[in-house]
Amino acid sequence: MSSTEAKQYKEKPSKEYLHASDGDDPANNSAASSSSSSSTSTSASSSAAAVPRKAAAASAADDSDSDEDIDQLIDELQSNYGEGDESGEEEVRTDGVHAGQRVVPEKDLSTDPAYGLTSDEVARRRKKYGLNQMAEENESLIVKFLMFFVGPIQFVMEAAAILAAGLSDWVDVGVICALLLLNASVGFIQEFQAGSIVDELKKTLANTATVIRDGQLIEIPANEVVPGEILQLESGTIAPADGRIVTEDCFLQIDQSAITGESLAAEKHYGDEVFSSSTVKTGEAFMVVTATGDNTFVGRAAALVGQASGVEGHFTEVLNGIGIILLVLVIATLLLVWTACFYRTVGIVSILRYTLGITIIGVPVGLPAVVTTTMAVGAAYLAKKQAIVQKLSAIESLAGVEILCSDKTGTLTKNKLSLHEPYTVEGVSPDDLMLTACLAASRKKKGLDAIDKAFLKSLIEYPKAKDALTKYKVLEFHPFDPVSKKVTAVVESPEGERIVCVKGAPLFVLKTVEEDHPIPEDVHENYENKVAELASRGFRALGVARKRGEGHWEILGVMPCMDPPRDDTAQTINEARNLGLRIKMLTGDAVGIAKETCRQLGLGTNIYNAERLGLGGGGDMPGSELADFVENADGFAEVFPQHKYRVVEILQNRGYLVAMTGDGVNDAPSLKKADTGIAVEGATDAARSAADIVFLAPGLSAIIDALKTSRQIFHRMYSYVVYRIALSLHLEIFLGLWIAILNNSLDINLIVFIAIFADVATLTIAYDNAPYAPEPVKWNLPRLWGMSIILGIVLAIGSWITLTTMFLPNGGIIQNFGAMNGVMFLQISLTENWLIFVTRAAGPFWSSIPSWQLAGAVFAVDIIATMFTLFGWWSENWTDIVSVVRVWIWSIGIFCVLGGFYYIMSTSQAFDRLMNGKSLKEKKSTRSVEDFMAAMQRVSTQHEKSS
């Protein structure tokens, strides 16, 4: 295998000794560039060793601990065999999220590490760069609460309340104000509970910092740190700013979980970057501060979150659009009524009462309350499934999601290393290779990393190796060396033989053996070919070798390992496809690893390096071609945070509703940008704050279950909105004609009760039995309005027939044994309440049984409306039972007609095309040619970029 092929074996330095070559890894490239840039400051590198430091490294203290009982350690690990480790395997890229940060000139970073900055220089830089803190935008809670009283529907409700107060109709005033307050309170509470991303980010920041100033090591408040400061890092230190390590020959382990969500510590050396809010686990070093405040990685993440959150939610747009159209219709109806009244010289008080009645019924005052309640009940149900909804509108967004951009580790995979079938050279048994690899592992529980845990857990499959392991005595143990990329242990066999065991990056282990003696050509070739094969398939691999006594080094073989897919992921992905959901994997891992994972899951293998998106200067595709490229890709590997943001943005510009999963601060911008941001199990507080939904259960199946539930909730909301718009149109048409033609109207109090009954009964739709759609759902507003208008017209015709046939001068159907107000109130109430049974069904109204809550609420309201009519409450007279029965029978007939119309409209593709302004019959030949040409263009683009 050539050196070029060897370098294609891509591994990550922060994942210990799994690496054959660091040259290809983007994280390493970032570190390398940092090193090269820091080398311009020769004084920093030459004098770093002269800086006064505290002695005693944490690792030295660790070595003083006695070895734990190996049997007990293995048993404890194997008792949890098959469970996911806490240590993440995905390397999350933290190169930056925003190209607009303020870059500190290199001359300001050339500080002498032995002396630090002078007090005068600190003052100058603080004036230039400001304090080391993130900018705050304090928004008054009162103003935020008052904003929930702003909107088309709210304006109409407020106008109606003022008009009712002018007419001294205090009952109406109270009802309207109560609905306004309910809507505002529910919305405000939900937004307040979601919290502030900036507040969560601030919780991760340090309070103090130890720096060198004027040659003295002093402790200062963290917000006084300035760029160019020499800052001390030691075990337990929380980095107060971004910086670059200037101490040579240092070795730090940094906990970046507050940023990346990954619990496995990252290794840092001379020239590497350290990010604000990272915690030093072991080691000591000094760093030069490169960015402070809003210019740090955390600060830029918060800024990008702010940019993403400035867009109005899709659900809010829909409700506002509906409200505006209804407001226009109300104004048109009022103009008709006013014109008729002026020609008849109707009194001003009567005109105002007519105006109040049209205003109340013209705009669904309870629409926000019912929809909010429906989503709140759905959110409570999702919480029982360990999905915490932080923003109610996210339920509607999730129901319409067409593409899910998912991370790999923990969501698609188990988040634990698993060993696969080992490759052994001729004459070596798998048990022998496993024994040697486990001998070269730490015996301390605290010192175990993900690799050692995977080996010790897997001993259950190698009983001979497990039995032999306890018989060896460890004489020396040398943990992972970042230079030689190996772990070394010197042990004594039961026979007293001294054996040196190593495991590490395969090519480095091979080099160790080759330096001792020539390896047979066939063994050498087979070994390298196996390493190359594993690399191409995305496996990480460990080479294993040993040296017995004074003999030669022996190459034993290679142990491949991988973070395996979750057991339910492949099945869940198939289910997602059946639900019309496309899944794209975005991972920080190498392309080979990403492709192998996708192959095992059946996700597709069109996986590309994220550099092709062009953010790092590697892309040259024009806008439309880039959009096609992203749309047809199955995923991207080696992604930085800005790549995730860009992918979401491109897909949204193509008209897709996109969901994004994430767990770290670096994911916060893309979580906020996505239509539905999903914080997965174990996410940082900042990621949770930026997300719309937080999942406490691991895996993709939890997300798919929530998606199905959200579609059920959407079905309830959609059916209610169709129902409620139809009711408003019904009464606008009917009352408008009644006033304009007959100069009469229903009593204003009964109009208010009709509005209240309509919303009180349907509040329980939140608990209704609802199906979930087999594909992403959308509002399809033209179709929604078409159905609502037709249903409203049918209702208006039914009411007009009731008015003009039951009350004739010489005796109608009711033959004057009933009060007009009471009979019309009952007929309107019954037909409107029953309409919900029509719109809630996916097919004929009898095909789906409503929940007992909805059926009970509607029946209860019907009984109350009947009592109103029988006893003449708010009517001029009582109505006999025979007339009431006739009204019920007539209303049932109207209900059946409504059901027939709705079924035809909901199943007719021609109606859908007509409402959306398309021809009734699609020209298939033209459409087929267009689809074929578009597909060929996309395939050509994909082939060109993959070659």
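Here the Cβ of each residue, glycine as well, is placed from N, Cα and C on the backbone.
Residues or ranges marked as region 'Disordered' in Swiss-Prot: 1-103.
Look at Swiss-Prot and you will find 1-144 (among others) tagged as topological domain 'Cytoplasmic'.
Here Swiss-Prot flags 7-22 as compositional bias 'Basic and acidic residues'.
Among the features that Swiss-Prot reports, compositional bias 'Acidic residues' is placed at 62-74.
What Swiss-Prot records for 145-165 (among others) is transmembrane segment, and it gives sequence analysis as the kind of evidence. For the transmembrane segment (145-165), the list of distant contacts is 172-173, 176-177, 179-180, 183-184, 187-188, 319-320, 323-324, 326-327, 330, 352, 355-356, 359-360, 362-365, 367-368: same-chain residues at least six beyond its ends, Cβ to Cβ under 8 Å.
Marked as topological domain 'Extracellular' by Swiss-Prot on the basis of sequence analysis: 166-169 (among others). Mean predicted confidence for the topological domain 'Extracellular' (166-169): the pLDDT average there is 82.
What Swiss-Prot lists as transmembrane segment is 170-189 (among others), and the listing cites sequence analysis.
The annotation topological domain 'Cytoplasmic' is assigned in Swiss-Prot to 190-320 (among others) on the grounds of sequence analysis.
Sequence-distant contacts of the transmembrane segment (321-342) (same chain, six or more residues past either end, CB-CB distance under 8 Å): 151-153, 155-156, 350-351, 354-355, 358-359, 362-364, 367, 721, 725, 728-729, 732, 736, 739-741, 743, 781, 785. Annotation source Swiss-Prot lists transmembrane segment at 321-342 (among others).
Secondary structure of the topological domain 'Extracellular' (343-353) per DSSP, as helix, strand and coil residue counts: 7 helix, 0 strand, 4 coil. Per Swiss-Prot, the feature topological domain 'Extracellular' maps to 343-353 (among others); the stated evidence is sequence analysis.
Feature annotation from Swiss-Prot assigns transmembrane segment to 354-376 (among others); the stated evidence is sequence analysis.
The annotation topological domain 'Cytoplasmic' is assigned in Swiss-Prot to 377-748 (among others) on the grounds of sequence analysis.
Residues annotated as active site, 4-aspartylphosphate intermediate in Swiss-Prot: Asp407. Under DSSP, Asp407 (active site, 4-aspartylphosphate intermediate) is assigned to coil, being neither helix nor strand in the three-state scheme.
If you look up Swiss-Prot, you'll see 749-767 (among others) marked as transmembrane segment. Within the same chain, residues 171-172, 175, 357, 360-361, 364-366, 369-370, 373-374, 376-378, 716, 719-720, 723-724, 727, 731, 735, 821, 825, 828-829, 832-833, 836, 840, 851, 853-854, 856-858, 860-861, 864-865, 868, 874-875 sit at least 6 positions outside the transmembrane segment (749-767) and bring their C-beta atoms closer than 8 Å to a C-beta of that stretch.
As annotated by Swiss-Prot, topological domain 'Extracellular' applies to 768-783 (among others), with the evidence given as sequence analysis.
Annotation comment: Swiss-Prot describes 784-803 (among others) as transmembrane segment. If one looks beyond the transmembrane segment (784-803) by at least 6 residues along the same chain, the residues whose Cβ comes under 8 Å of a Cβ in the stretch are 325, 718, 721-722, 725-730, 732-734, 737-738, 820, 823-824, 827-828, 831-832, 835, 838-839, 887, 890-891, 894, 897-898, 901-902, 905-906, 911, 914-915.
Residue counts for the topological domain 'Extracellular' (768-783) under DSSP, helix first, then strand, then coil, are 3 helix, 0 strand, 13 coil. A sphere of 10 angstroms centred on the C-beta of Asp407 (active site, 4-aspartylphosphate intermediate) encloses 27 other C-beta atoms.
Outside the topological domain 'Extracellular' (166-169), and at least 6 residues removed from its termini, the chain residues within Cβ reach (under 8 Å) are 349, 352-353, 356, 748. Proximity of distant same-chain residues to the topological domain 'Extracellular' (343-353), defined by a Cβ-Cβ separation under 8 Å and at least 6 residues beyond the stretch ends, is recorded for 163, 166-167, 337, 743, 745, 748. Residues 318, 321-322, 399-402, 578-581, 657, 708-709, 711-716, 718-719, 840, 842, 848-851, 853-854, 911-912, 915-917 of the same chain lie 6+ residues outside the topological domain 'Extracellular' (768-783) yet bring a C-beta within less than 8 angstroms of a C-beta in it. Helix, strand and coil content of the topological domain 'Extracellular' (875-886), in residues and according to DSSP, is 6 helix, 0 strand, 6 coil.
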